[in-house]
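Notes for the one structure printed next.
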Amino acid sequence: MSERLRVQIPGLDLKNPIMPASGCFAFGIEYAELYDISKLGAIMIKAATKEARFGNPTPRVAETSSGMLNAIGLQNPGVDEIISNQLKKLEKYDVPIIANVAGSDIEDYVYVANKISKSPNVKALELNISCPNVKHGGIQFGTDPNVARNLTEKVKAVSSVPVYVKLSPNVTDIVAMAKAVETGGADGLTMINTLVGIVLDRKTGKPIIANTTGGLSGPAIRPVAIRMVYQVAQAVNIPIIGMGGVMDEWDVIDFISAGASAVAVGTANFTDPFVCPKIIDSLELALDKLGVNHILDLKGRAFR
């Protein structure tokens, strides 16, 4: 892989800045049957909680214009099973793992972070304080700066690897949230998570999602995501992994231009399971067209 795409941020030596977003790539093993996942910059695996979660009732997914709504509810087999099974299977691949950590209270987050950060192939944690689809935990931690800072401090104290905090767009001031978790010791940020929305059944007029609301993702949210990255990148001194509606290499360049250091691809994996390697293969040609040598030469050019 060309050095033109290599990116180094806390805990992560990325051969390229492209990674699948948590919740859109399962645990990566499934995609390993389709292509060499070692080609990816990193893998953000599905959220881990202290105990197994069965998620929200169905229906949990609805298609929207230029996107989708989901309310999966952090379904996962629990941190112990993830460590002994899914993470174990990923050890043979040359790709750093970012483990997504979720919980119902601070004690849950601390428990999961302490355990999963000790796994040899986990190089960073993604602290999920912004999931809008669970009744307890998630978004309640992601909308109060003081609560978010406190949680970040507690997780940092027990984590063996750098901690990236996933920010919610469902706030009035995302810069305040970013500064709060930076003060709490966050090594980096991932942003943005989904926007809260509702899709109605045209015949009944009732919400399609059993949970009523869900998280909106896909190209529809990309301008919002880029705006928020643009704002936060100028306010903090820690790196950002940008995400929100990325479909191709030019979307990646937009996020880098807005101030991100790396980019995660989410919903696009459902429409094209090969989207990540396709983007990686196209990035250098895009750099050539722009007349730049390295991907990070574009970082923050929107406000420089």
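A Cβ is built for glycine as well, from the same backbone N, Cα and C atoms used for every other residue.
Since the structure is predicted, the reported quantities are computational estimates derived from the model, not experimental observations.
The FMN binding site annotation in Swiss-Prot covers Ser22, Lys46, Ala47, Asn100, Asn128, Lys166, Ile192, Gly218, Gly244, Gly245, Gly266, Thr267. Summarising the environment of Gly244 (FMN binding site), the number of other Cβ atoms within 10 Å of its Cβ, over all protein chains shown, is 31. DSSP assigns Gly244 (FMN binding site) to coil in the three-state reduction, outside any helix or strand.
Its Cβ placed at the centre, Asn128 (FMN binding site) has 29 other Cβ atoms within 10 Å. Residues or ranges marked as substrate binding site in Swiss-Prot: Lys46, Asn70, Ala71, Ile72, Gly73, Leu74, Asn128, Asn193, Thr194.
Feature annotation from Swiss-Prot assigns active site, nucleophile to Cys131.
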Which listed residue (Gly73, Gly266) has most other Cβ within 10 Å, given these are binding-site residues: Gly266
Neighbouring C-beta atoms (10 Å sphere around the C-beta of Thr194 (substrate binding site)): 28
Integer Å distance between the CA atoms belonging to Lys46 (substrate binding site) and Ile192 (FMN binding site): 16
Residues Ser22, Lys46, Ala47, Asn100, Asn128, Lys166, Ile192, Gly218, Gly244, Gly245, Gly266, Thr267 [recorded FMN binders]: greatest CA to CA distance in Å: 20
Maximal Cα-Cα distance (Å) across residues annotated as binding substrate, namely Lys46, Asn70, Ala71, Ile72, Gly73, Leu74, Asn128, Asn193, Thr194: 16
Cβ neighbour count within 10 Å of Ala71 (substrate binding site): 27
Surrounding CB atoms that lie within 10 Å of the CB of Ile192 (FMN binding site), all protein chains: 28
